[in-house]
Amino acid sequence: MAYNYPAEKISVYLSDDGGSILTFYALWEASLFAKHWIPFCKRYNIEPRSPAAYFSESDGHQDLCSPKEWSLIREMYEDITQRIDRAVLSGKISEEVKANHKGFHEWDQENTSKNHQPIVQILMEGKDKNANDDEGNVLPTLVYMAREKRPQHHHNFKAGAMNALIRVSSVISNSPIIMNVDCDMYSNNCDTIRDALCFFLDEEMGHKIGFVQFPQNYNNLTKNNIYGNSHQVTNQVLMGGMDSVGGPMYVGTGCFHRREILCGRRFTEDYKEDWNGGIKDKTQESIVEIEEKAKSLAASTYEHDTQWGDEIGIKYGYPAEDIVTGLEIHCRGWKSVHSNPPRPAFLGVAPTTLAQTLLQHKRWSEGSFSIFLSKYCPFMFGHGKIKLRHQMGYSIYGLWAPNSIPTLYYVIIPSLALLKGISLFPEITSPWISPFIYVVCVKNMYSLYEALSCGDTLKGWWNEQRMWMVRRITSYLYGLTDTVRKLLGLSKMTFAVTSKVSEENESKRYEQEIMEFGSSAPEYVIIATVALLNLICLVGGLSQILTGGWNILLNVFSPQLILCGMLVITNIPFYEAMFVRKDKGRMPFSVTLASISFAMLALLVPIV
Ligand SMILES: O=c1ccn([C@@H]2O[C@H](COP(=O)(O)OP(=O)(O)O[C@H]3O[C@H](CO)[C@@H](O)[C@H](O)[C@H]3O)[C@@H](O)[C@H]2O)c(=O)[nH]1
Ligand SMILES: [Mn+2]
């Protein structure tokens, strides 16, 4: 709401898919605070304009304004956060507070997050004089919405929520540009709207641009990126590369779309945006009338027998609804723009535990693989519509899931073969080993160069390599099996939301870059089994080589020894988690036990 942009042209919508009175209450509190906060931001050019981010970063008025004024606004902010926290703890809103806004009565009925009527409440409306800030300036329109949820109707997760949002906003503001951000991100740059509009308004290219995507950056990364979540290389290299062949993918958040394009419009050379298309100020209807109209658009039956989720809006049926929607927009002839300014436009929360990271990657790999196998396979669907290189850029993610199989092979079979004295690679002195050495060296040197040049640390790169292996043998494997199960009709699509909170000790370990296991998950059994197996094979293999004719054997087994040794070095944090650490985040004993049994089994069963 505090963007450096004419307030009467901005409308902010909060989609609460949980339909919670607490969220409504928090938004109502925020709308009151905005009347003081927004003029304060504009007066002193505050940055970032998320009060939570601003007050956590800055510890004084820094000669910005009088200390009194600064403390006053800070106290105000602390008061509202305390009131909201108290309400969340008690789980309900007092009658006194409820009397302040008609919206609270929406919860008079028996509402649950999965069963409730559509709720649309316009908390602030540009035309309304009460909605001005404490200096008398207009404030942006602010709307709370929770689309209708009924157990008998499928709600299509985030895509369903976004489509309801597109319709609801069409009767309230109908602005030609829609920006969307996830609930776990905030705006970090008050000029982003202007930056994005520059692309759409470009005289030569502007009419070709369907969306402007800002990268996902995080404010909670640790120095060495323990879970490989920095995505700097993806943001700078992959997205930057795609920008030059047609445009980056839509990644679900931090993106500006033209409304008409989300609604299915094809590109034509003579396309011209109607910048006066919005309906703000033009309508004579009262707020209540508009709300009623909007509610009917957020009904759970509204989309029955319509093209929504297919030809119109965000696509349904894919866990990565963003990628497939963006691909289809590109195939309708539009270009997109990757905008990565030095001061990040949006900051979000990266997962802070291994389990959350693996879950997120499972959804991404599964989502992209199911697109790859569907009618939206970039090579087939994009054929003749987008460049081959653009299709290839899209397919990188699509092939993550099947990549799990060769990786599993590489982390198990050569090590087992080493232990059993079977050689799998050419001898180290033979010329035939050169392709292997070439691939390993060049791949690693290049990825190290990319990581360092994108601002990652050396240790961060190393951690990332570990995470690549771990993700491939767990998340991607699960993504693969789940996609296959869905294809066979054995299971249905889900959207596992990544958790946004963690316990205090957990956060401490995250800051110290200690891997978090804690609870027993089947993924950990895979990780621990592979780690143990490699340790046993390395020790066993080495001792056989040392006791046998070692100079001949070393020549034959060096490649396997190096591979197995590298895996053992990569896995050091897992051995520590199993046998050394005493904290709560260590590998659960049950997982260690199960892994030992599986490793034994793998040694006994004649796999190689
Ligand atoms: O039923 C649902 C499920 C999710 N969401 C919203 O979807 C957003 C993304 O969910 P999150 O759990 O934060 O997912 P991430 O793993 O961070 O999601 C990434 O990947 C998704 C596709 O897999 C994209 O849609 C996201 O924008 C992108 O940030 C959040 O704002 C949620 O509130 C809904 O509104 N309704
Ligand atoms: Mn998220």
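A Cβ is built for glycine as well, from the same backbone N, Cα and C atoms used for every other residue.
What you are looking at is a predicted structure, and each value in this text was computed from that prediction instead of being measured.
Positions annotated as UDP-alpha-D-glucose binding site by TrEMBL: Asp17. In sequence order, Ser113, Ala146, Arg147, Lys149, His155, Lys158, Ala161 constitute the residues six or more apart from Asp17 (UDP-alpha-D-glucose binding site) in its chain with CB-CB distances below 8 Å.
Annotated active site per TrEMBL: Asp17 (among others), in sequence order.
Among the features that TrEMBL reports, Mn(2+) binding site is placed at Lys158, Asp182. When other Cβ atoms within 10 Å of the Cβ of Lys158 (Mn(2+) binding site) are tallied across all protein chains shown, the result is 20.
DSSP assigns Asp322 (active site) to a helix in the three-state reduction. TrEMBL lists Asp322 (among others) with the feature active site.
Look at TrEMBL and you will find 524-546 (among others) tagged as transmembrane segment.
Within the same chain, residues 410-411, 414-415, 417-418, 423-429, 433, 436, 465-466, 469, 515, 527-528, 530-531, 534-535, 537-538, 541-542, 544-545, 587 sit at least 6 positions outside the transmembrane segment (552-575) and bring their C-beta atoms closer than 8 Å to a C-beta of that stretch. According to TrEMBL, the transmembrane segment annotation covers 552-575 (among others).
Residues 412-413, 416, 419, 517-521, 524-525, 528-529, 531-533, 536, 574, 577-579, 581 of the same chain, all 6+ positions outside the transmembrane segment (587-607), place their C-beta atoms under 8 angstroms from a C-beta of that stretch. Feature annotation from TrEMBL assigns transmembrane segment to 587-607 (among others).
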> Taking the recorded positions Asp17, Lys158, Asp322, which residues show a Cβ-atom distance to ligand 2 below 6 Å?
Replying inline: none
>> Please report, as numbers and ranges, the same-chain residues at least 6 past the borders of the transmembrane segment (524-546) whose CB is under 8 Å from any CB of it.
In response: 354, 411-412, 415-416, 418-419, 421, 470, 473-474, 477, 517, 553-554, 557, 560-561, 564-565, 567-568, 571, 574-575, 578, 587-588, 591-592, 594-596, 598-599, 602-603
>> Return the count of C-beta atoms lying within 10 angstroms of the C-beta of Asp322 (active site), excluding that atom itself.
In response: 23
> Tell me which residues of the chain lie with their Cβ under 8 angstroms from that of Asp182 (Mn(2+) binding site), as long as they are six or more apart in sequence?
Replying inline: Gly252, Thr253, Gly348
